[in-house]
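Annotated in TrEMBL:
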BINDING   B:Gly182, B:Asn235, B:Val236, B:Asn237, B:Glu238, B:Tyr239, B:Lys240, B:Arg241, B:Asp304  (6S)-NADPHX binding site
BINDING   B:275-279, B:294-303  ATP binding site
DOMAIN    B:66-356  domain 'YjeF C-terminal'
2 protein chains.
Amino acid sequence: MLIKYGVISGFNSLGSAKDYIVASSAAVLRRQQFLIRSLGGYTDQTNQRRMQEVKSMSGTALEADSESILRAISPILDPNRHKGQAGKIAVIGGCREYTGAPYFAAISALKIGADLSHVFCTKDAAPVIKGYSPELIVHPILEESYSISGLGDEERRRISSKILAEVDKWMERFDCLVVGPGLGRDPYLLECVSEIMNHARRSNVPIVIDGDGLFLVTNNIELISGYPLAVLTPNVNEYKRLVQKVLSCEVTDRDAFQLLQALAKRIGGVTILQKGKSDLISDGDIVKSVSIYGSPRRCGGQGDILSGSAMNPAVLGCIAASALLRKAASLAFENKKRSTLTSDIIECLGRSLEDISPAC
Amino acid sequence: MLIKYGVISGFNSLGSAKDYIVASSAAVLRRQQFLIRSLGGYTDQTNQRRMQEVKSMSGTALEADSESILRAISPILDPNRHKGQAGKIAVIGGCREYTGAPYFAAISALKIGADLSHVFCTKDAAPVIKGYSPELIVHPILEESYSISGLGDEERRRISSKILAEVDKWMERFDCLVVGPGLGRDPYLLECVSEIMNHARRSNVPIVIDGDGLFLVTNNIELISGYPLAVLTPNVNEYKRLVQKVLSCEVTDRDAFQLLQALAKRIGGVTILQKGKSDLISDGDIVKSVSIYGSPRRCGGQGDILSGSAMNPAVLGCIAASALLRKAASLAFENKKRSTLTSDIIECLGRSLEDISPAC
């Protein structure tokens with residue numbers, strides 16, 4: 001849900017994204033028209049009024065008016081719409097070692113209102129992820145080095161092409177890719193995923209990058225550099241590595257906003273959501289902070305909820321996703337205290353959204 | 001959660017652990033500094049005052065003031081901390097036959113506040129354990145004899161080295177290993193696990209030993225002998241075998257405290273938590289008892305909760321873990337009576353902790 005509204009808000013509020021899109025190809029126009037069409041229920045006037053409201057919320061204050069933004073970009077539920085119009089996302093992740101993270105990201109998207117949620121993972125990971133939930137569409141197509149060991153270069157290339165063709169069949173249908181939750185760091189797999197990202201970029205599909213996806217792009221910054229539809233969601237350590245690599249300096253307590261802004265600018269106007277006690281968000285132009293709600297629990301997996309919810313290229317979507325997760329985490333903590341798990345937070349996403357932005 | 005506070009309490013209250021650590025290498029200092037750093041939110045004074053309070057709770061009475069100890073070693077939740085700082089544990093266990101026990105141990109750690117919980121198990125066990133919960137990180141790396149039958153000695157050694165290298169990659173990140181839940185007794189697998197324990201010991205990682213891990217160390221006592229960061233959690237029968245092997249005598253109803261103390265001393269100052277109607281705990285120096293709460297249900301798996309919660313080398317951690325489990329078991333029994341399962345008790349861990357030591 002946040003996907004499309006975030007993207008459309010992005011078109012309106014982010015200079016860099018807008019310029020890029022205006023300057024770009026027919027494919028972008030198709031996607032833009034599709035996104036606007038997906039607003040369906042609104043008259044042009046209603047839509048324009050809402051977007052005006054959103055823009056006015058940006059303001060100059062550092063702390064974002066995140067609840068108003070979430071309300072403004074939540075789609076109004078309309079019985080005339082059909083399956084898919086509230087969002088179709090794909091998570092690229094899940095390998096022999098990790099299966100929880102891609103599940104958390106994919107199910108979170110559904111829990112905040114998306115219609116369809118796909119996972120592209122390795123053959124080993126697929127049955128496990130399918131087992132977590134019958135709601136997900138899981139494609140067992142990625143390969144790790146160990147599963148192709150003994151094959152020659154040509155055969156490996158043939159397998160890569162097949163994987164890429166398989167993802168390409170679906171690419172145009174997705175409103176957003178989430179690359180990284182539980183992806184692992186296998187070199188062969190990361191090479192394939194780099195190609196998938198290149199294809200997504202050529203099709204102007206927004207890409208949210210988290211977890212091992214951040215490991216990949218930190219070492220291959222050209223994958224997302226200058227792509228305004230990329231959103232990076234680093235935690236403390238991932239952020240440190242990114243700053244070291246891109247800006248060749250260390251992260252200190254001072255000048256946090258300037259550093260984040262400089263980083264986003266240097267990567268060419270991508271949006272960065274830096275997770276922490278307060279979440280900081282920048283696209284290289286503006287910097288915003290979200291510090292409402294939240295919980296002191298730091299159980300592994302919360303970042304995957306965020307990447308599954310953020311799934312849009314613009315600052316507004318990040319602000320909304322941040323507020324949504326922080327409220328859900330605070331609701332879960334109220335009830336479960338220290339025993340709060342990521343699954344408990346996911347169960348509160350619906351109430352969090354409903355409390356902030358009632359469906360009707 | 002109990003990990004770090006237990007370890008730190010251990011530094012302060014247990015002579016043997018402290019001496020060992022002071023006398024030991026730079027790696028130990030790094031770990032100690034890390035643990036102390038992880039106290040983050042406290043001023044030195046606050047921390048020292050808390051530790052004074054804990055020490056004064058030891059007293060001379062046999063029955064430990066377990067609730068006060070649990071309260072004192074529960075970390076104060078602090079929004080400035082990040083993922084991992086409340087504890088990262090790894091369970092070594094799970095084979096073709098057993099998958100429940102390692103799950104119980106690993107999920108219990110999360111339910112009492114740890115941030116990340118890993119399981120290292122056989123390839124067969126992994127998809128099943130992953131399927132129990134997306135919250136766990138499960139590494140399918142161990143091998144049993146049947147899966148390497150037909151291979152020569154050299155190839156077997158090569159596979160062992162690979163397994164060891166795989167665990168070593170992670171070792172420094174763990175605050176505690178739990179060795180044994182659902183490990184099985186396959187000779188090849190136990191040989192690998194012995195090597196893993198040797199490596200953990202060299203890195204000064206605390207090791208909690210339960211289930212088939214106790215079978216392993218009973219027959220290879222040198223694995224833990226003289227290691228003050230080892231905690232053994234035997235039930236009645238495991239305790240009998242340990243006493244027979246180490247002290248060459250039988251367990252009788254008389255002199256239970258002296259016998260436990262002698263056993264812990266003979267193994268070189270490891271901590272032993274003897275599970276029973278009352279739990280008895282000794283490090284060869286002092287002996288303490290925990291008999292509050294508890295349930296008459298003896299469903300298999302409760303020991304796995306304890307090993308997942310105890311995860312610290314010191315008597316204080318054992319006392320706190322014992323009280324926590326006994327209260328959870330009593331809450332579950334109140335509700336489920338004869339039908340109480342280990343999963344029901346795990347669901348009560350959060351309330352048990354919250355009742356004794358409120359999060360805020």
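Every residue, even glycine, has its Cβ placed from backbone N, Cα and C.
Remark: of the binding-site residues B:Lys240, B:Lys275, B:Lys277, B:Arg297, the most isolated position is B:Lys277 (fewest other Cβ atoms within 10 Å of its Cβ). Per-residue confidence over the domain 'YjeF C-terminal' (B:66-356) averages 92 (mean pLDDT, predicted model). If you take the Cα of B:Gly303 (ATP binding site) and the Cα of B:Lys240 ((6S)-NADPHX binding site), they are about 16 angstrom apart, rounded to a whole number. The Cα atom of B:Asp304 ((6S)-NADPHX binding site) lies nearest to that of B:Lys275, taking the binding-site residues B:Lys275, B:Lys277, B:Asp279, B:Ser295, B:Arg297 as the candidates. When the alpha carbons of B:Val236 ((6S)-NADPHX binding site) and B:Lys275 (ATP binding site) are compared, the span between them is 7 angstrom. Comparing C-alpha positions, B:Gly182 ((6S)-NADPHX binding site) sits nearest to B:Cys299 among the binding-site residues B:Lys277, B:Ser295, B:Arg297, B:Cys299. For B:Cys299 (ATP binding site), the same-chain residues that are 6 or more apart in sequence and have a Cβ closer than 8 Å to its Cβ are B:Thr340, B:Leu341, B:Thr342.
When Cβ neighbours within 10 Å are tallied across all protein chains shown, the highest count among the binding-site residues B:Gly182, B:Glu238, B:Ser295, B:Gly303 belongs to B:Gly182. Recorded residues B:Gly301 (ATP binding site) and B:Lys240 ((6S)-NADPHX binding site) have their alpha carbons 19 Å apart, per Cα-Cα distance. Geometry remark: B:Lys275 (ATP binding site) versus B:Lys240 ((6S)-NADPHX binding site), CA distance 12 Å.
Around B:Asp279 (ATP binding site), the same-chain residues six or more apart in sequence whose CB sits under 8 Å from its CB are B:Leu273, B:Ser289, B:Val290, B:Ser291, B:Cys318, B:Ser322, B:Arg326, listed in sequence order. Its Cβ placed at the centre, B:Gly301 (ATP binding site) has 19 other Cβ atoms within 10 Å. Neighbour density at the Cβ, taken as the number of other Cβ atoms within 10 Å, is lowest among the binding-site residues B:Val236, B:Asp304 for B:Val236. Rounded to a whole number, the C-alpha distance linking B:Lys277 (ATP binding site) with B:Glu238 ((6S)-NADPHX binding site) is 15 angstrom.
A distance of 21 Å separates the Cα atom of B:Glu238 ((6S)-NADPHX binding site) from that of B:Ser295 (ATP binding site).
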